[in-house]
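Undergrad: Mind looking over this structure? Questions follow.
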């Protein structure tokens, strides 16, 4: 199913800031998973709203999209066949799903009520959808700044004229947007898929629940929609998987007294997560198509400001209200826009420090960043084993120290693996 490989892409062909950013996201995820000291910002929101803990996973999703472009372009440049690439994408997607499912059985192996969905399962679906779209729709020449394409992926017709100052200016203007305009079919597919999510969530009623309900059910709105936890998103999961195979302890239980199970890695919410990953794909295209630091940073920062503004705007500036609140459980489209903006801006800072100014060599985050799947799996499997974690005094400081120790432990393990050139390749 997988192998431990002693082969790694040479560092000269890797973008160090992207490895470091992935490593930062992973260590932040470990910190949150190990309790974060019990502080509110390091716990997931009960429903609407966003905390630091809610942002960590979206960073990883965005990075998944950005990283995919590097590997795909490298394969296309080497002449790897699309059939081979498609097979690899599908197999890697299946492996991720299976590993995630196995991790769900670590406490109890009972197939009658085992949870089917999870973090790696969502990653597998996102990777599969984005990977298949990119493999089937992308041509190597589309990464060129001198070619344009129609929605079918074919070259757009060009007209040869005498070079003038005006035509040169027009050429420069069109080149500015090649990272978008060269991929019309991919954008159409992603926007179409996202539109389906909007239509289903806001127009489809079910049972005694109104269309567009985004609440947690339970005591929310004085119990008016007690059995509508998660709206149509939760309903679809309960129909497809049945209650027994969903997460039984949703974050809304403590505050809203939700009685129904709800899975934060739900099926319908995976669509906006795919959109988030595709915004990561856009970042990857910027990085492979433009070689100037200035060209890259202008675009990355512009996308960051643009997507953050859309995300906040969809909440009417409130984060917890408006037509589309930020909600990690439902993974609303506003949540994807908002977290994508943070991902663009955060990576821009990392890129400036590591690759442009070279003020920082990315230590220690580059080590877990180059071996993220192995470290992610290991931190879950050994979470209850000494010396990773142990029982401490029931205080914030003690729990914070334990969470930080868990992060340090896995950074050290990642460093050892890096030096011994041990990497998990799916």
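In case you wondered, yes, glycine gets a Cβ from its N, Cα and C as well.
Annotations in TrEMBL come from automatic prediction, not curation.
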Undergrad: Of the ranges 354-372, 373-391, which one does TrEMBL flag as transmembrane segment?
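TA: When 354-372, 373-391 are checked in TrEMBL, transmembrane segment belongs to 373-391.
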Undergrad: Taking 52-72, 116-137, 397-418 as candidates, which has the most Cβ pairs under 8 Å with the transmembrane segment (84-104)?
TA: 116-137
Undergrad: Looking at 187-206, 300-321, 333-353, 397-418, which one has the highest count of Cβ pairs under 8 angstroms to the transmembrane segment (52-72)?
TA: 333-353
Undergrad: Checking distant contacts: for the transmembrane segment (267-288), what same-chain residues at least six beyond its ends satisfy Cβ-Cβ under 8 A?
TA: 15, 18, 58, 61-70, 73, 117, 122, 125-127, 129-130, 134, 143, 179-180, 183, 186, 190, 193-194, 196-197, 200-201, 232-233, 236-237, 240, 296, 299-300, 303, 307, 329-333, 335-336, 339-340, 343-344, 347
Undergrad: Of the stretches 187-206, 373-391, 397-418, which racks up the most C-beta pairs under 8 Å with the transmembrane segment (333-353)?
TA: 187-206
